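> Here it is: the structure, laid out below.
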Amino acid sequence: MSITVKDVQHVAKLARLQLSPEEEATFTEQMNAILQYAEKLNELDTENVKPTTHVLQVSNVMRDDVIKESLSQDEVLLNAPDHEEGHFKVPAVLE
Amino acid sequence: MSLFEYRLPELHNMLHNKEVSVSELTEESLSVIARRDGDIHAFLTLNEEGARATARSLDDKLASGESRGLLFGLPAGIKDNIVTKGLRTTCASQFLTNFRPIYDATVTAMLRQADAVTIGKLNMDEFAMGGSNENSSFGVVRNPWDLERVPGGSSGGSAASVAAGEVFFALGSDTGGSIRQPASYCGVVGFKPTYGLVSRYGLVAFASSLDQIGPVTRNVEDSAYVLQAIAGYDPKDSTSAKVDIPDYLSALTGDITGLRIAVPKEYIGEGVDASVRESVLAALKVLEGLGAVWEEVSLPHTEYAVAAYYLLSSSEASSNLARFDGVRYGARVDEGGGLLELYLNSRSRGFGPEVKRRIMLGTYALSSGYYDAYYLKAQKVRTLIKQDFDEVFKKYDVVIGPTAPTTAFKLGSQTEDPLTMYLNDILTIPVSLAGIPAVSIPCGLADGLPVGLQIIGREFDETTVLRVAHAFEQNTEHHKQRPQL
């Protein structure tokens, strides 16, 4: 299976990346090389193998439902590129 | 003798006995950085004023007789993907050039609690993606042993700063080998603990099921000492393990009589430089002389580890890095379009090529129609790799091999070929996939460059790994060799 520039453009859209034509060409070539290498995994029969999602045997980790202080609005907005009246500011979404 | 030649527990006592003050140690660290870091570029942010202020307050604390933390007065560097409250944390990315965290990572808080002095933040591959530190968007780190060579990645700044005697210890993070491989290239000790032993809260996530924080030091005793201060359960990290933390220093007995060592044939076979293999075989002879026995074994799925790793880590990275959108923090590129344009422009300018490549690969592997063929398949292969280790550990106490197939390569020699670069990590990646502990310690020089010996242990059996590493170190002089600077 090999991927085309069109596939790369589609994936870039999903990943919210704007690629230049040069980047599209480079990534098409490099991703093909890497995915071709990944085909190696098909040499293995994994029909009855369980996938590892986590190496430790932990599941459903929950904390007690205790009310506590959260970050202040000032702290939360401290690194915001743009903010106004306690909100993160973004370009208008609706006309 | 330079202050850097003392072991951390020795320095702890010297500080206690007032043979040296915290301010003196801190000034020593800052002056070496001033002399050497122009060439090496291990630091992205120096915390000069903060470090001096901490040093003064610790000196006062000692004078007033208050109790001291384990790392009292010891100047440390922290990899720049571990958040430090109020101190710039960039992940070596343009995206976070001016990011000042509003909270401390758990390990940062633990260092503070233990009275360490934070000297600054260390250079790395952008978002910890890379094996050479050439992906830092603020410029490469150079290997103290040869300034034309890479220090390894992604904790290249951590390894180089310790090798150059700039800090007394450093913290790094290891996803596929990012503590061990640069430790190997720079001739220092790099320890990757069992997944879950050290909290990842406040470590900027690359691949959450693999990332692990660990110490970079000049010797094994120091490694045990720092690990003692940072290991432990953290309720803020849902993947943190609830296990008892042993006394790591008391595990360093020097006795390895009857120890059973497995040497995977895949780790000393084709693709491994002859000089690296010779150093490792010589190291095994030393261990044999100390009463250990070793046999060749097979970890048959080793050759599939790199492919599985890149699919899994890139998939997790694409998901973790989705939060970088230029809205709540980080660099924003707003050229007057709508919200989608803002995302696209911010992400496209903010991320460097390696990060984009992995986001692309991960997004592809997780996308509809390819999930089973790539992501799920890789997760199943991960199981087989873990089973390889489980099988070997039924009969043996540790697995030993080289840390990397070669010594440090020349800057720029592999940048055009990501796949070749990825294969440098073939001996560290299987350990990461299995989630088990491993250390890289110096075991010789090949053409004047350090070779790393990798000692791998069972899940949460850090003490055996440290004991073997320490026994080797006590009977050799490799860890005492220093780069000519």
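Count begins at 1; order follows the chain as displayed.
Cβ atoms are placed via backbone N, Cα and C, with glycine included.
These came from TrEMBL, pasted as-is:
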| type | residues | note |
| --- | --- | --- |
| DOMAIN | B:24-466 | domain 'Amidase' |
| ACT_SITE | B:Lys79 | active site, charge relay system |
| ACT_SITE | B:Ser154 | active site, charge relay system |
| ACT_SITE | B:Ser178 | active site, acyl-ester intermediate |
> Tell me the Cβ neighbour count for B:Ser154 (active site, charge relay system), meaning other Cβ atoms within 10 Å of its Cβ, over all protein chains shown.
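Around B:Ser154 (active site, charge relay system), other Cβ atoms within 10 Å: 35.
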> Any idea what the Cα distance is from the residue listed as 'active site, acyl-ester intermediate' over to B:Ser154 (active site, charge relay system), rounded to a whole Å?
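That separation, Cα to Cα, works out to 5 Å.
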> Measuring Cα to Cα, how many Å separate B:Lys79 (active site, charge relay system) from B:Ser154 (active site, charge relay system)?
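One finds 9 Å between the Cα atoms of these residues.
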> Radius 10 Å, atoms counted are CB only; among the active-site residues B:Lys79, B:Ser178, which position scores highest?
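Of the active-site residues B:Lys79, B:Ser178, the highest Cβ count within 10 Å belongs to B:Ser178.
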> For B:Ser154 (active site, charge relay system), which of the three DSSP-derived states applies: helix, strand, or coil?
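Coil, per DSSP.
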> Pop the mean pLDDT for the domain 'Amidase' (B:24-466) in here, whole number is fine.
96
